[in-house]
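**Q** Handing you this structure, nothing more for now.
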Amino acid sequence: MEEKMKYDINMEKMPAHIAIIMDGNGRWAKARFLPRTAGHKAGVETIRKIVKEANRLGIKYLTLYAFSTENWKRPKLEVDALMNLLVTYLRGEVSELDKNNVKINVVGDYKKLPEACVNELEKAMNITGDNTGVNLNLALNYGGRNDIKNAVVEIAAMCRDGKLNPEDITEDIIKNHLSTAEIPDPDLVIRTSGEQRLSNFLLWDVAYSEFYYTDIHWPDFDEEELQKAVYSYQNRDRRFGGVK
Ligand code: FPP
């Protein structure tokens, strides 16, 4: 473990939850005169590395923004390629992830994905359901506003049915109706590839998250870059609106 640690990371102060906006696959491919799908394929290799490293570092939750509610606007060929990559990744990787004690979970309206994706995701969640290592949350057909909207619909129905008084709605009740209900708020959000925006990711959950941006495209992100982000996080002063 020691020799692979370039940054002086404090293993006692690990962020419990890291969420990543994996951006730049397209630009990475374009720079190499490759089709965009080659960038996504290379991006899957990075996912493999980063899940392993997160597990090794003892990070409890890793959430990856793999497909947003807005990504359906991409050309059909690209959407199909992403869905195929997801199925291939799960088919090829689940037994290894299981061996490494990784627990797979999904956030977002994943049931609206193609049937093969839904089947593989549910299989993966069943197989890894009892694992106690890193919780790998795949954000699929995920949108922060959509997640909040779904919670509002459920809570409004409870009020309509007399199960809840509107005055008794709390922040915890709202969180409990999000697809991230079982997942603590992210401590650290990483976005690769130079853009500094949230793109509808985990809107409710990131209220007090630390943000880390890097110009590196997702296919070039690696173990050392993850350590660098964690090191940056560990050297910040989190006050959660209070004083120290
Ligand atoms: C952003 O790059 C990346 C995505 C929208 C998808 C991320 C998906 C993967 C890494 C692979 C599939 C996922 C799994 C879980 C197997 P971009 O296309 O927006 O890049 P650009 O901004 O440079 O065009």
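In case you wondered, yes, glycine gets a Cβ from its N, Cα and C as well.
TrEMBL does not curate its annotations; it predicts them automatically.
The active site annotation in TrEMBL covers Asp23. Residues annotated as Mg(2+) binding site in TrEMBL: Asp23, Glu210. Residues or ranges marked as substrate binding site in TrEMBL: 24-28, Arg36, His40, 68-70, Trp72, Arg74, Arg191, 197-199. Taken from TrEMBL, the feature active site, proton acceptor covers Asn71.
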**Q** Can you tell me how many other Cβ atoms are located within 10 Å of the Cβ belonging to the residue listed as 'active site, proton acceptor'?
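**A** So the number of other Cβ atoms within 10 Å of the residue listed as 'active site, proton acceptor' is 17.
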**Q** When the Cβ positions of the binding-site residues Gly24, His40, Thr69, Leu198, Glu210 are compared with the atoms of ligand 1, which fall under 6 Å?
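**A** If the test is a Cβ under 6 Å from any atom of ligand 1, the answer is Gly24, His40.
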**Q** What are the non-local neighbours of His40 (substrate binding site), defined as same-chain residues 6+ apart in sequence with CB under 8 A from its CB?
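**A** When sequence neighbours closer than 6 are ignored, His40 (substrate binding site) has Asn25, Glu78, Ala81, Leu82, Leu85 within Cβ distance under 8 Å.
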**Q** Out of Trp28, Trp72, which of the binding-site residues is least crowded by other Cβ atoms within 10 Å?
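**A** The binding-site residues Trp28, Trp72 were compared, and Trp72 has the fewest Cβ atoms within 10 Å.
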**Q** Sequence order is fine: just name those recorded positions in Asp23, Asn71, Glu210 with a Cα within 10 angstroms of Arg191 (substrate binding site).
**A** Asp23
**Q** Show which residues of the chain containing Leu198 (substrate binding site), separated from it by at least 6 in sequence, have their CB under 8 Å from its CB.
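**A** Looking at Cβ-Cβ distances below 8 Å from Leu198 (substrate binding site), excluding near sequence neighbours, one finds Ile21, Gly144, Val189, Val206.
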**Q** Across all chains shown, how many C-beta atoms besides its own are within 10 angstroms of the C-beta of Glu210 (Mg(2+) binding site)?
**A** 19
**Q** So among the binding-site residues Gly24, Gly26, who's got the most Cβ atoms within 10 Å?
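**A** Neighbour-count leader: Gly24.
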**Q** I'd like the Cβ neighbour count for Asp23 (active site), meaning other Cβ atoms within 10 Å of its Cβ, all protein chains included.
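**A** Around Asp23 (active site), other Cβ atoms within 10 Å: 24.
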